[in-house]
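J.: Per Swiss-Prot, the feature active site, proton donor/acceptor maps to Asp133; the stated evidence is sequence analysis. Residues annotated as Mg(2+) binding site in Swiss-Prot: Asn7, Glu374. Taken from Swiss-Prot, the feature ATP binding site covers Lys14, His193, Leu194, Gly195, Asn196, Gly197, Asp267, Met268, Arg269, Gly315, Ile316, Gly317, Glu318, Asn319, and the record attributes it to sequence analysis. Per Swiss-Prot, substrate binding site is recorded for Arg76. Per Swiss-Prot, site 'Transition state stabilizer' is recorded for His165, Arg226, and the stated evidence type is sequence analysis.
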Amino acid sequence: MLVLVINSGSSSLKYQLRELADDGADGPRPVLAKGLVERIGVPGSDVPDHAAALERVEAEVFRVIGDRPIDAAGHRVVHGGERFTAAALVTNEVIRAIERLAPLAPLHNPAAAQGLRAMTERYPDMPQVVVFDTSFHQTMPREAWQYALPESVYREHGIRRYGFHGTSHDLVAGMAARHLGVAREEFSGIVLHLGNGASATAIRDGASVDTSMGFTPLAGLVMGTRTGDLDPSVVTHLMRTQGRSAEEMDTLMNKESGLLGLAGHADMRQVVEAADAGDRRARTALDVASYRLAKYVGGYHVAVGGAQAIVFTAGIGENSAPFRARVVQRLGALGVELDAAANEAGLSGAGDDGVAVISAPGSAIPVLVIPTDEEQAIARLTWELTRG
């Protein structure tokens, strides 16, 4: 089965063509084609809209597969609000619902809807599926998602914690459960999705019960350019005393902070290199980021009733042995012990199931490194919803 995975941005369209076994068997499947169409709708661009972008995708894809038909398309959508608790088959009403959720994700949902409409017009008979970053976290109990604001703020404006990276957390939790030999619905653990954007999720009995991101992906951990958790009064203080606008504060917190603000580098590799060379700012950035993450791990160990595993995934989680070590070294109170050699080996020391164990044999909680593959997860969900 050929599945085209689409991630539509406001001025870009990222795609992968994945081939799945007809029986939906698990396991890595080949990426037949992938690419990125940029500058959509930008003045002077030769790609005026998402329909034109799809023409480019089509040309590249069919250069690879010839006259083989694409069986289905799966779309990543950032925000599903409270309506979408799982992936859904695309209909006009689903697209309209995504558009109505635009106030919760003004940069992402309108672009996703444009991509969906362009795809539907070009391939009206092709089954399509939408997969939401937020859906996995809709199992959070109210005490985890509700802010201590007046109830009317939630009812009238939808202000609550939603969480993101759900597709990745869901996929990796399933792989961790299989590695441990427990049923998915019996797995309780902590998944750390650490990339330029980063989030931690507490999983109890296979379901998300808490996650570090909140109303937006700004909350939680220290990220490449995002603050993570911040006293909201800092925002009003800077607006009052410096005359900063809401847009300027958005830029400061989302694009100029995090590792970039602390160390001058948004890339974890550069921060680690600078710290090793004696850069004080870089060392401070690593201390702040690892301390923040370790606090979340400790809290989520309580939230899940005792974690069966702590899992690192995504770009930093999979590839930065120095940062993993800094985090795990802070977890001694939980009885967690690192195997330094296994940590250095990382995924090169993974077993046949693709999972690397980086904790020492005597560690109270296994520490795992598991590669995420959100496009593969979207492709598989697309297969599941369209096979019948």
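Glycine residues also receive a Cβ, built from the backbone N, Cα and C atoms like all the rest.
Computed from a predicted structure; not experimentally measured.
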J.: Would you identify which of the binding-site residues Lys14, Arg76, Arg269 has the most other C-beta atoms lying within 10 angstroms of its C-beta?
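T.: Most Cβ neighbours within 10 Å: Arg76.
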J.: Binding-site residues Asn7, Leu194, Asn196, Arg269, Glu374: which have a Cα within 10 Å of Arg226 (site 'Transition state stabilizer')?
T.: Asn196
J.: Out of Arg76, Asp133, His165, the recorded positions in the record, which is closest to Arg269 (ATP binding site) when you go by Cα distance?
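T.: With Cα distances computed to Arg269 (ATP binding site), the winner among Arg76, Asp133, His165 is His165.
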J.: For His165 (site 'Transition state stabilizer') and Ile316 (ATP binding site), determine the Cα separation and express it in whole Å.
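T.: One finds 14 Å between the Cα atoms of these residues.
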J.: Rounded to a whole number, how many Å is the Cα of Asn196 (ATP binding site) away from the Cα of Arg76 (substrate binding site)?
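T.: Just about 18 Å between their Cα atoms.
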J.: Taking Lys14, His193, Leu194, Gly195, Asn196, Gly197, Asp267, Met268, Arg269, Gly315, Ile316, Gly317, Glu318, Asn319 as the record's ATP-binding set, what's the max Cα pairwise distance in Å, rounded to a whole number?
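T.: For the residues that bind ATP, the greatest Cα distance is 25 Å.
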J.: Measure from the Cα of Ile316 (ATP binding site) to the Cα of every one of the recorded positions Asn7, Arg76, Asp133, Glu374, then give the nearest.
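T.: With Cα distances computed to Ile316 (ATP binding site), the winner among Asn7, Arg76, Asp133, Glu374 is Glu374.
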J.: Of all the binding-site residues here, Asn7, Asn196, which one's CB has the most other CB atoms within 10 A?
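T.: Most Cβ neighbours within 10 Å: Asn7.
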J.: I need the CA-to-CA distance for Glu374 (Mg(2+) binding site) versus Leu194 (ATP binding site), whole Å please.
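T.: Cα-Cα distance, Glu374 (Mg(2+) binding site) to Leu194 (ATP binding site): 14 Å.
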J.: Rounded to the nearest Å, what's the C-alpha distance separating Lys14 (ATP binding site) and Asn7 (Mg(2+) binding site)? Just drop the number here, would you?
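T.: Just about 5 Å between their Cα atoms.
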J.: How big is the gap, in Å, between the Cα of Asn7 (Mg(2+) binding site) and that of Leu194 (ATP binding site), rounded to a whole number?
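T.: With the alpha carbons as reference points, the distance is 20 Å.
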J.: Can you tell which of the recorded positions (Asp133, Asp267, Glu318, Glu374) has the fewest other C-beta atoms within 10 angstroms of its C-beta?
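T.: Comparing Cβ neighbours within 10 Å for the recorded positions Asp133, Asp267, Glu318, Glu374, Asp267 has the fewest.
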J.: Of the recorded positions Asp133, Leu194, Asp267, Glu318, which one sits closest to Arg76 (substrate binding site) when you measure Cα to Cα?
T.: Asp133
J.: In angstrom units, rounded to an integer, how far apart are the Cα atoms of Glu318 (ATP binding site) and Asp133 (active site, proton donor/acceptor)?
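T.: Glu318 (ATP binding site) and Asp133 (active site, proton donor/acceptor) have their Cα atoms 20 Å apart.
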J.: Do you know offhand how many angstrom separate the residue listed as 'active site, proton donor/acceptor' and Leu194 (ATP binding site) by C-alpha?
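T.: Spelling it out, the Cα of the residue listed as 'active site, proton donor/acceptor' and the Cα of Leu194 (ATP binding site) are 15 Å apart.
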